[in-house]
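Features reported for this protein in Swiss-Prot:
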ACT_SITE  His359  active site, proton acceptor
BINDING   7-10, Lys21, Gln73, 78-79, Gly140, Glu155, Asn170, Asn224, Arg329, Lys347, Tyr362, Asn373  UDP-N-acetyl-alpha-D-glucosamine binding site
BINDING   Asp103, Asn224  Mg(2+) binding site
BINDING   Ala376, Asn382, Tyr383, Ser401, Ala419, Arg436  acetyl-CoA binding site
REGION    1-226  region 'Pyrophosphorylase'
REGION    227-247  region 'Linker'
REGION    248-453  region 'N-acetyltransferase'
Amino acid sequence: MVAIAILAAGKGTRMKSGLPKVLHSLGGRSLLGWVLNSAAEVEPERQIVIVGYRSEMVRESLQAVPGLEFVEQAEQLGTGHAVQQVIPLLQGYEDSLLVLNGDVPLLRPQTLKLLLDTHRRHNNAATLLTAHVPDPKGYGRVICDGNNILKQIIEDRDCTPAQKQNHRVNAGIYCFRWPDLAEVLPKLQANNNQQEYYLTDVVNDLSPVMAVDVEDYEEILGINDRKQLALAYQILQNRIKDQAMAAGVTLIDPDSITIDDTVKLEVDVVIEPQTHLRGHTTIGTGSRIGPGSLIENSQIGANVTISYSVVSDSVIQAGTRVGPYAHLRGHVEVGSQCRIGNFVELKNTKLGDRTNAAHLAYLGDTTTGTGVNIGAGTITANYDGVKKHRTQIGDRTKTGSNSVLVAPLILGNDVTVAAGSTITENVPDDCLAVARSRQVVKPGWRLKQPDPT
């Protein structure tokens, strides 16, 4: 069994934001969301989040995560002080405690498993994660014997010139035998210039303590400012895109493409340049997305083509073509083998299979049957200034160019709407609807010209 404590109380002053640092977004999740996602892989018995700055906002952001416990750190007096807050919650607990930081989002689940397995296998009082970094400036140096048993953690400012050449650093991620930690935590002193309680002081008082190296030092990157956030995003994108290409996805220009971790791509998907896939999006096999497209929180079927378009909160079935310059938003459902062309906007609309809206149309709050053809310039006038109304269009119905369908409205099956018509009344099956002024032609008519003299 293992319990996990996640330090998430800090304000993050260097972020220069009203948002708690751990709630800043990174590739589809918050920083804290990434930590929780990795933590879940070790199947913890308990997960305790230590909150402080804007704690209610942090709690609210995690409402969908089951089984979390929260404890308040009213004053942020260091990492040791933060872990002291969990003592009342773990009375009688006899197993391991993983201590994680809510602003270290790149830590892989397998690294946590390695840390926990090493801790248990050697029956350590504590096991800490270490990394060999190219530039160790600012990190505490870890001194071990030949068996990776900790001898000392030395803060950067206290290192001798020789010790500064040591590139093995403390990642600030620990696994403790909880009864041992609970015994020494209350004795922790703030004997430093910052008057803070450091968890490293506790580690130096426990025995035996072992260090285990992370395979990739980038995993321990902490986020303290916007530049580090951007760096973490680049690292994360490289991970995601490498995994996608290894799984049979073609990325034409990886450097210009962004993909959230929550996106699912099937084999033989092709992503063109300048395309961005966000949120809980799935792309079916054989689909081609882009160039220049944004897909967000949408489910795209197999063999769909989308170019230069924005699709959000929508479902598109197999074989449909979208774009260029289409906009689908607000719970759109498009059937299979449809055509959504240039400068077409769909909002809260459901289109049946084999329906075409090839160009210059707006359909809002609309439902169509199958085989419908929406002529160029057709719009549904769905808003009366107070509320939205729906338009229902039957199978095989056709609207002529420049038609206005004033909702609420029902067009039956096999209806034809004449070009230029404004339809305000329901139209039964098999009817032609014409609603426009009759053309008048006056022979010999021309405007009087001014006298040039």
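From the backbone N, Cα and C atoms, a Cβ is placed for every residue, glycine too.
Feature annotations (Swiss-Prot) mapped to structure.
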residue : record                                        : contacts (Cβ under 8 Å, 6+ apart)
Leu7    : UDP-N-acetyl-alpha-D-glucosamine binding site : Ile50, Thr79, Ala82, Val83, Val99, Leu100, Asn101, Gly102
Gly78   : UDP-N-acetyl-alpha-D-glucosamine binding site : Ala190, Gln194, Glu196, Tyr197, Tyr198, Leu199
Asp103  : Mg(2+) binding site                           : Ala8, Gly10, Gly12, Lys21, Val22, Leu31, Leu32, Gly222, Ile223, Asn224
Asn170  : UDP-N-acetyl-alpha-D-glucosamine binding site : Leu128, Thr130, Tyr139, Gly140, Arg141, Val142, Ile153, Thr200
His359  : active site, proton acceptor                  : Gly341, Asn342, Phe343, Val344, Ala376
Tyr362  : UDP-N-acetyl-alpha-D-glucosamine binding site : Val344, Glu345, Lys347, Thr378, Ile379, Thr380
Asn382  : acetyl-CoA binding site                       : Gly364, Asp365, Thr366, Lys388, His389, Arg390, Thr391, Ala407
Ser401  : acetyl-CoA binding site                       : Gly375, Ala376, Gly377, Thr378, Ala419, Gly420
Arg436  : acetyl-CoA binding site                       : Ala418, Gly420, Ser421, Thr422
Self-check item: Long-range environment of the region 'Linker' (227-247) - Cβ separation under 8 angstroms, sequence gap at least 6
Solution: 15, 24, 26-27, 105-106, 218, 221, 254, 257-261, 263, 265, 267
Practice problem: Compute the C-alpha separation of Tyr383 (acetyl-CoA binding site) from Ala9 (UDP-N-acetyl-alpha-D-glucosamine binding site), stating it in Å without decimals. | Solution: 46
Exercise. Rank the binding-site residues Ala9, Ala376 by the number of other Cβ atoms within 10 Å of each Cβ, and give the residue at the low end.
Key: Ala376
Quiz prompt | Neighbour count (Cβ, 10 Å) for Asn224 (Mg(2+) binding site) | solution = 15
Quiz item: Between Lys21, Arg329, which of the binding-site residues has the fewest other CB atoms within 10 angstroms in the structure shown?
Solution: Arg329
Quiz item: Should Arg329 (UDP-N-acetyl-alpha-D-glucosamine binding site) be counted as helix, strand, or coil on the basis of DSSP?
Solution: strand
Quiz item: Which value does the mean pLDDT take for the region 'N-acetyltransferase' (248-453) in this predicted structure?
Solution: 97
Exercise. Taking the residues Ala376, Asn382, Tyr383, Ser401, Ala419, Arg436, which the record names as binding acetyl-CoA, find the longest CA to CA distance and state it in Å to the nearest whole number.
Key: 22
Quiz item: Three-state secondary structure of Leu7 (UDP-N-acetyl-alpha-D-glucosamine binding site) from DSSP?
Solution: strand
Quiz item: So how many other Cβ atoms are close to Tyr383 (acetyl-CoA binding site), meaning within 10 Å of its Cβ?
Solution: 12
